[in-house]
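Take a look at the structure set out below.
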């Protein structure tokens, strides 16, 4: 910093030949940096840069922090560090949003006065550009140069006397550049959303079947009257499936809309020399804005006058400490410039005047929002797996339908009958109720999550949360309270913990102990913090001030009877505010003591305060400060600082009345106040502590096999300190191992450490090998990261096959929130941009709710899997009995109408009851690894599959990837099945547990499906045999159906093999009862299958089978519907069933149902022996004590 001060004080500008970096081009394939040298060019206004590439920001630290980062983060190679330093030497700038490339870009240098009065605004609209994008270089210039650039009259000596813009100028600029508001995200029309829900492959198949029904009716209305009902049912089911999903999407969107901040912001502006309050949306570039403590900054400002001003940039940069703002600057990085304030930040102390340099989408806040809008949302793992399953089922269904349509002509020479048969095969393969089942199951889970203060915007996000393998979380406001809190106090040579429940290396806390009252008084009185209101109890007030002072006041108020009385009792008579030069704050109060009426208090940087002290407080007396005392001070200071705490020193001086009487007038300019020989009172450390429940939550995540990673904009030491308190980092980093063993860092091998802390400066220079090395570690912290860095981290993790969840509350988190497989935002502390980008919102900002969500997600996946396993089990009996109609042939055992009643009738009731199933063991789900664990083999497989995707084509002129056409994508997908690699990948053995995998398909289609098929066919022939129709007779009659119309209303009498005549009435009655028993057989066997599917690790007997009473409710309603269809005469007409069916025939499917349970028990016993359940290994060192009982993990 000192090295830059000489240049920065003179206000370096473009006129002096400053190098300004203009564009950073980032693509999936490459990242190219283009530098533009603007030497010897006079620029009166910022250059508008427009390009088609993704524009990004570098947030490289200044040279001093760069040096520190090398010491703190030696994990990356020396070569990478050199590259970082080289990159950091250039002047960084802000660029984010996506633009169109213009034919040429000309600097706005030679503008006339009239043109420049309106054209100098960087928000000027260009017809060819989708959005603006401007370099920020104002922080490198003097206030005079900026006022000339924006043609505004300012007074740098007395800012309040500045004239500002004229009303006409402001009006003209507002008309040309638009209001100071962010462009709202594009919203789809509700009808478009509904169409998207409707046009899924499942629903398209159903509508196709419905259309074919109506075509058949058009060809032969007389014999296909029932097709009108079938077609309506198919279309109705498709539209109902879409409506259920659409309704849930709209409901979540409405809830989100209700708590987004829609209140227009007000601000103070100087125009024509008058200070007035206007809506922030009417601000224009060049306006002079007055901001004070408690104000939200309305636009990006260049500060030309400031008084003890600090801003909170945590929502933009993740920096938890307030940042000082002055009119001079020594930093090249705009995000670190001390003379810039950004839209959306909060003024926590002081006041200042600034020139508006960016408004609306051109602000840093707007550009981050633009970066968010440019990111495409990935499909959830559940959506991908359902799509894959639907494609497989649809392919099989269509293929079988076409084949058996042709085969049908060998039996029946009728187009309409064979089309009807093909449709019945299609319907049998497609589980029509599955989309509704999945949507309703997820909806029920989402409602359970809502009861735990978790709003789910995307239904499939419920399951995604259970599938995540990597949870990347922000620190400030997410893991921590974003509230500085007093932790340790050292006074009267004793160390105390401010937490009364914590008794470790410190003495038990006592507010009346020697020195503590002095600390409390200095914290309360030596402060500039204010309250939003004073007519309510202290706990209900909002404290307006520096985060450190806020923490001190909160601590003091907890340890005094009446805070307001204390402040009023000892009024302030003199004050010198804290500033960056002295690093001290001094106040004098009317507080009587033995020597006089006035008491001086001072607080500030420990090394500064100690130098001004000659005595130290010991008990109630001030004793001479000795070297022994200083040694003790150094030990305590090092102890506090080593924990990443912010440390302040306190001192006092009891002013003697003979020198400083009660009415003495202190003057800052004359310095007629004591400037030394103070009494050192003590040290106090503060930190932004973890939220309650965070440590246990992270511990549970790690026990569940989920890697938790911190990605923050804060300092590496602070991040690591917090990480070690919350179970996020337990092991030693490379640097710590080197320190403990006394070995050089270069001699520490990669396999010797599993914890790593990465500085944001290093990210841009990381190679693919470096990224692989980082993600191979178990404990990872990224510090000093920018929004683009967070986005890059998410993409890199996803490229390795991780299912990434991201939690955050700031604007800087929003791009990563959107790109992640599941973005989780905070409601109370979160920004509107982050809430829009996320798929899930924690309404109470409780990170521990994430763990509940993970458990709920794993449970809903388990229940979804059971439900699908149960639902598709009936497909085999439906398809096989239909195929027997063609292959053998026999009279059609199950017509399409009854297949629909199976899928949408009792099956739906029972399948939905799985939503309330409990885990098979209390802790079982959270002790199992993620269902898609990331291993070396899985990473290799992911990369191999990526190579087989559509090849990337690079434009030779621009060097950018060309988006392939829809036809090329479709053609590539058609060619896939003819490649050997596609089949090898399809049947490749992996550790993944899919929603529908080989185990589920084997159970449903082969094992249980075959048992149910045999049971249904046995019952079918048993009923026919009752009417003297043997299997041979049934086959013979079906062969002759076209000649004698057997089993039809105009059937002729048939003589069976025993010589008995079977009349038309007997044929119709037998056929109706046979179809009825096939329908009931599937239903009864599925009732037993319900309990078989519940048992995954346990046997299908015992108390657990009765743990979900809704299973029995589903059974009751499903059975009731089935009995109504068979045994109520009016339903017989519609469905072709018969109420004369004897209940004795139920015994056949009941017997096969018992066989299903027996088979399930044997299967589970074998699987337990051959493939025992693999649980996560125990993690040593996890501290699962509640956060409220302790503050940090002991070494």
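Heads up, the Cβ atoms here are built off N, Cα and C, so glycines get one too.
Caution: TrEMBL annotation is automatic and unverified by curators.
What you are looking at is a predicted structure, and each value in this text was computed from that prediction instead of being measured.
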- Message: Quick check on the annotations: TrEMBL lists transmembrane segment for one of 1091-1111, 1112-1132. Which range is it?
- Response: 1112-1132
- Message: According to TrEMBL, transmembrane segment applies to one of these ranges: 868-890, 891-913, 914-936. Which one is it?
- Response: 868-890
- Would you please say which range out of 1144-1166, 1167-1189 has the annotation transmembrane segment in TrEMBL? 1144-1166
- Query: When you scan the chain for residues with a C-beta under 8 Å from the transmembrane segment (389-412), skipping those not six or more beyond its ends, what do you find?
  - Reply: 200-202, 205, 418-419, 421-423, 425-426, 429-431, 879, 883, 886-887, 889, 995-996, 1038-1039, 1041-1042
- Averaged pLDDT score, the domain 'Cation-transporting P-type ATPase N-terminal' (137-218): 86
- Recorded stretch that, among 194-217, 229-247, 1144-1166, has the most CB pairs under 8 Å to the transmembrane segment (418-442): 194-217
- Which residue counts does DSSP yield for the domain 'Cation-transporting P-type ATPase N-terminal' (137-218) in the helix, strand and coil classes, in that order? 51 helix, 3 strand, 28 coil
- Item | Long-range Cβ neighbours of the transmembrane segment (194-217) (under 8 Å; 6 or more residues past either end) | 188, 224-225, 227-228, 230-235, 237-239, 241-243, 245-246, 249, 387, 390-391, 394, 397, 416, 419-420, 423, 426-427, 430, 432, 434-435
- Long-range neighbours of the transmembrane segment (229-247), counting only residues six or more past its ends (CB under 8 A): 190, 193-194, 197-198, 200, 202-204, 206-207, 209-211, 213-214, 217, 432-433, 435-436, 439-440, 443, 459, 896-897, 900, 904, 1134
- Message: Same chain only, please: residues at least 6 beyond the ends of the transmembrane segment (1112-1132) with a C-beta under 8 Å from a C-beta of the stretch. Say none if there are none.
- Response: 898, 901, 905-913, 1072, 1076, 1079-1080, 1083, 1087, 1090, 1138-1139, 1141
